[in-house]
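Visitor: As annotated in TrEMBL:
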- THR113, ASP187, GLU212, LYS242, ASP246: substrate binding site (BINDING)
- GLY278, GLU279, VAL280, GLY281, LYS282, GLY283, GLU299, ASN402: NAD(+) binding site (BINDING)
- 247-408: domain 'S-adenosyl-L-homocysteine hydrolase NAD binding' (DOMAIN)
- 41-61: region 'Disordered' (REGION)
- 1-42: signal peptide (SIGNAL)
Amino acid sequence: VWLENSTEQLSENHVPEQKASDFVRLLCFLFCFAAAASYTDSSDDETSPRDKQQKNSKGNGDFCIKNIKQADFGRREIEIAEQEMPALMALRKRAQGEKPLAGAKVVGCTHITAQTAVLMETLSALGAQCRWAACNIYSTQNEVAAALAEGGFSVFAWKGESEDDFWWCIDRCVNVEGWQPNMILDDGGDLTHWIYKKYPNMFKKIKGIVEESVTGVHRLYQLSKAGKLCVPAMNVNDSVTKQKFDNLYCCRESILDGLKRTTDVMFGGKQVVVCGYGEVGKGCCAALKAMGSIVYVTEIDPICALQACMDGFRLVKLSEVIRQVDIVITCTGNKNVVVRDHLDRMKNSCIVCNMGHSNTEIDVASLRTPELTWERVRSQVDHVIWPDGKRVVLLAEGRLLNLSCSTVPTFVLSITATTQALALIELYNAPEGRYKQDVYLLPKKMDEYVASLHLLTFDAHLTELTDEQAKYLGLNKNGPFKPNYYRYSLKSALRFSLPRFYC
């Protein structure tokens, strides 16, 4: 209506009708563009958040984010996420009166997304004080960070941090006068590493660590083996609810989303090599196979390798297929999986990305040499150009693809977030002596409780054992239905010592 009225007014002033229409349409476009820019201006303002003085509506300035004015948008994102996180909302409602985390001071380092915000607000509702930084320099949703800061949370994170910013934000979470953490919630082990390195005396008051990634758990086991782990730690990554849902189903959906948003690639007929056939690799392979891709798998473990073969994938060494594949995906949790020799031999326009937590899987540092040219073609997409004109498409600079370049299914993250919350409650309230200075797995009863909370969404009805059946199996009718030594995850099972003659 506005377009028609404005065109008529311009025509009355002797402006040709077609020119008037074109002019007003241009104004409409610019208006819409400006409105969109006001929401996504995370990259427009070049001023570092560290150089800004920001306060929320209550006058609190104990945070460092991109733009506090985005808080309203972030609040809507959080409200949408709450609808898909039934277990956390149920936990918040059931335990709010008891305040099982009263007195807990949780310092966290995870991806700062709408789903994490629901977790943080749940922890707060259960009595905890929280300070938070991001575990990935590209995954922070700026509007969500703004909403958290407006809500009174001390958040130090923004999308596109430098390496120096990353460690500065972690330090601001930890090093604050009059506040000392007594619980750690980590994703990748960077926060735990920083406290060990800079503030080791803090561990005198810290009751426990909750870690959710392969990389972070590996670091914890290293500390434990060396006798340097000074507090109990809960390994959430190898819990059934994390391995079988977040790692598998989340990656099965988000791998395609991340690749589409960044490259617009068509998957049908493409040759793809997936490095690693753990739960993340299984999810990636299943999604790509369903889209018509020709999928190869690399694997070091013979059991995972056999699973890949029986699922219909060809097991290869990376060097055997590197010249012919169109896409290379790493998801091993290891380092130097794709090195400079592999990158030199890739075909033109090969896409390289990482689905593991750490940015060590692809040797990106080897590409920062004078003979190679880097060209940023869109957000999180770089063309690395060789002297002969060949280019490799590198996504998110080798960091986690799905959370850096797209979004992930909220419902699946609800499962992991609920597991993290219960792990914090368990460690914080455990009587002295229950947990020693070692790495523990979440009790199977808690795994099953998390799963049961999510079944309500599907209107699912569990079958109950009869007394006779329970006696026959030697189980309690209400669970747990698997013993604590039973593991759905191969990696966690292999952590138990093998007989010497197998080694």
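Note that Cβ sites are derived from N, Cα and C of the backbone, with glycine treated the same way.
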Visitor: If you measure GLU279 (NAD(+) binding site) to GLU212 (substrate binding site) at Cα, how many Å is it?
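Guide: One finds 14 Å between the Cα atoms of these residues.
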Visitor: Grab the pLDDT values for the domain 'S-adenosyl-L-homocysteine hydrolase NAD binding' (247-408) and give me their mean, rounded.
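Guide: The average pLDDT of the model in the domain 'S-adenosyl-L-homocysteine hydrolase NAD binding' (247-408) works out to 95.
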Visitor: By a 10 A CB contact count over all chains shown, which of the binding-site residues listed here is most packed: GLY278, GLY281, GLY283?
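Guide: By the 10 Å Cβ neighbour count, GLY281 comes out on top.
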Visitor: Any idea of the Cα spread of the NAD(+) site, GLY278, GLU279, VAL280, GLY281, LYS282, GLY283, GLU299, ASN402, as a max distance in Å?
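Guide: Value for the max Cα separation, rounded to a whole number: 22 Å.
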Visitor: What is the separation, in Å, between the Cα atoms of ASN402 (NAD(+) binding site) and ASP187 (substrate binding site)?
Guide: 15
Visitor: Over all pairs in THR113, ASP187, GLU212, LYS242, ASP246, the listed substrate binding residues, work out the largest Cα-Cα distance in Å.
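Guide: Pairwise Cα check on THR113, ASP187, GLU212, LYS242, ASP246 gives a maximum of 18 Å.
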Visitor: For GLY278 (NAD(+) binding site) and GLU212 (substrate binding site), what Cα-Cα distance in Å is obtained after rounding to a whole number?
Guide: 15
Visitor: So among VAL280, GLY281, GLY283, all listed as binding-site residues, which is physically nearest to LYS242 (substrate binding site)? Use the C-alpha atoms.
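Guide: Nearest by Cα distance to LYS242 (substrate binding site): VAL280.
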Visitor: For GLU212 (substrate binding site) and GLY281 (NAD(+) binding site), determine the Cα separation and express it in whole Å.
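Guide: Rounded to the nearest whole number, the Cα-Cα distance is 17 Å.
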Visitor: Same chain only, sequence gap of 6 or more: which residues have a CB within under 8 Å of the CB of ASP187 (substrate binding site)?
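Guide: The list for ASP187 (substrate binding site) reads CYS109, THR110, HIS111, CYS135, GLU211, GLU212, SER213, GLY216, HIS357, given in order along the sequence.
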